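Written below as structure tokens is the structure these notes are about.
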Amino acid sequence: MNKNTSTVVSPSLLEKDPAFQMITIAKETGLGLKVLGGINRNEGPLVYIQEIIPGGDCYKDGRLKPGDQLVSVNKESMIGVSFEEAKSIITGAKLRLESAWEIAFIRQKSDNIQPENLSCTSLIEASGEYGPQASTLSLFSSPPEILIPKTSSTPKTNNDILSSCEIKTGYNKTVQIPITSENSTVGLSNTDVASAWTENYGLQEKISLNPSVRFKAEKLEMALNYLGIQPTKEQHQALRQQVQADSKGTVSFGDFVQVARNLFCLQLDEVNVGAHEISNILDSQLLPCDSSEADEMERLKCERDDALKEVNTLKEKLLESDKQRKQLTEELQNVKQEAKAVVEETRALRSRIHLAEAAQRQAHGMEMDYEEVIRLLEAKITELKAQLADYSDQNKESVQDLKKRIMVLDCQLRKSEMARKTFEASTEKLLHFVEAIQEVFSDNSTPLSNLSERRAVLASQTSLTPLGRNGRSIPATLALESKELVKSVRALLDMDCLPYGWEEAYTADGIKYFINHVTQTTSWIHPVMSVLNLSRSEENEEDCSRELPNQKS
């Protein structure tokens with residue numbers, strides 16, 4: 001991408017200039033300066049004083065003169081700024097609450113030079129990784145004389161297109177300097193140059209090209225870029241189609257200007273560009289400069305290239321920083337959404353817990369004690385888990401102990417659940433048995449047939465054996481059935497009675513074994529049976545020890 005840039009001079013170099021001055025002016029009404037120049041104007045890239053308005057602070061002070069170069073205003077640099085930025089700096093300094101103007105400027109060598117005589121410009125092309133860079137350096141014109149170009153003092157570029165120029169002096173004498181173009185396919189004769197003269201005194205210069213002169217199409221398109229017009233791909237194609245090129249790739253200058261006017265009329269109107277400006281871009285004007293000025297210009301060009309590289313590097317870093325900031329912002333939004341979802345899920349879980357607790361509170365009285373135990377165990381588990389989380393980094397042994405206790409309590413919780421189910425089953429059997437007894441004893445006047453049928457129904461409900469056929473031994477049968485019921489209930493209650501911390505489990509093959517969560521051990525034998533066997537073996541040993549002394553005696 002081609003950009004129009006300007007050669008700027010660093011403030012540190014300007015301060016070494018003997019013409020550099022720093023003045024302070026009392027702030028009363030306003031600065032009263034009219035400026036021109038800037039990096040986006042033909043008079044640039046530097047900013048000069050065009051006029052000092054009467055009644056302003058500078059007019060009252062009298063030290064500034066038209067034609068002086070402004071370096072800074074109130075410590076704000078005027079180097080490398082556009083015309084609009086320069087005006088904005090002056091306006092901003094006026095609005096600040098400061099008691100004085102601090103102005104740095106460079107007094108030009110000749111005091112009678114006016115800004116309107118700043119018409120000698122030079123086009124410098126710099127090649128590098130950023131493509132060709134165009135910069136315009138404004139110079140003051142010297143007293144009327146004939147400028148003869150010298151090879152040693154004229155800056156050379158890769159794409160210079162030089163033509164004949166006519167210079168009018170104060171003696172009304174026209175001198176034509178024919179210069180050949182390296183890239184032009186047609187030599188320019190004296191008839192190819194049209195001179196434009198003015199009647200004003202001093203040095204006046206104007207260059208015009210014959211419309212029949214032919215140039216490379218790339219050179220003319222590059223001139224459009226220098227004028228601030230960036231054609232699109234479609235406009236490039238349309239321009240190549242409408243302009244007829246010969247076998248050498250050259251086109252007529254007049255045809256190109258006419259097609260460009262029709263194709264880029266809006267852009268040309270905005271920048272106020274005509275054929276004269278395009279010819280000025282194509283023709284490198286000759287500047288009277290010595291070797292030191294050429295070296296200074298080359299050094300400034302290198303500084304400008306370095307500054308452009310640094311600016312592009314900073315832009316890339318800024319883009320990368322913006323990209324990272326956007327990425328972090330997106331990640332933060334995602335984290336916030338996830339946190340919000342977790343909070344909502346937690347609230348839903350809490351609501352479900354409250355509903356479960358309400359349902360448990362509404363259960364019958366037999367389950368109240370069990371629920372109380374469950375709540376206490378849950379609170380204890382929560383407390384132990386909290387303690388485990390708080391002291392996990394401080395004491396690993398305590399963590400292991402807490403884990404064991406949690407596992408034991410969890411085991412006891414599951415055993416309590418099984419006990420509750422066992423109690424419910426036993427209670428249900430007892431209730432059915434009591435209801436059957438009530439039915440039998442409450443209806444003594446019922447016929448034997450009806451009584452036997454009701455007994456059969458009750459027996460099927462309570463899993464009892466049918467009572468006697470004739471009903472004569474009802475009390476004895478009830479007593480017998482009650483004993484059997486007591487045995488079955490007791491068997492249910494004693495069936496899975498495991499000690500504290502013990503729990504039964506099954507292998508993948510379905511073999512039952514027992515886990516002791518307290519000691520972290522397993523056993524194939526029921527812990528109660530192992531204890532009984534151990535006690536019996538101890539008793540046998542004691543008996544044997546007692547029998548041995550008796551035999552000896």
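Placed from the backbone N, Cα and C atoms, the Cβ positions cover glycine too.
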Out of Ser12, Ser77, Ser523, report back the residue that Swiss-Prot marks as phosphoserine.
Ser12
Can you check which of Ser10, Ser142 Swiss-Prot annotates as phosphoserine?
Ser10
Where Swiss-Prot places phosphoserine when the choices are Ser189, Ser426, Ser463
Ser463
From the set Ser135, Ser212, Ser351, Swiss-Prot tags as phosphoserine just Ser212
Could you tell me which of these modified residues, Ser99, Ser212, has the greatest number of Cβ atoms within 10 Å of its own Cβ?
Ser212
Report, in whole Å, the straight Cα-to-Cα distance of Ser99 (phosphoserine) from Ser212 (phosphoserine).
61
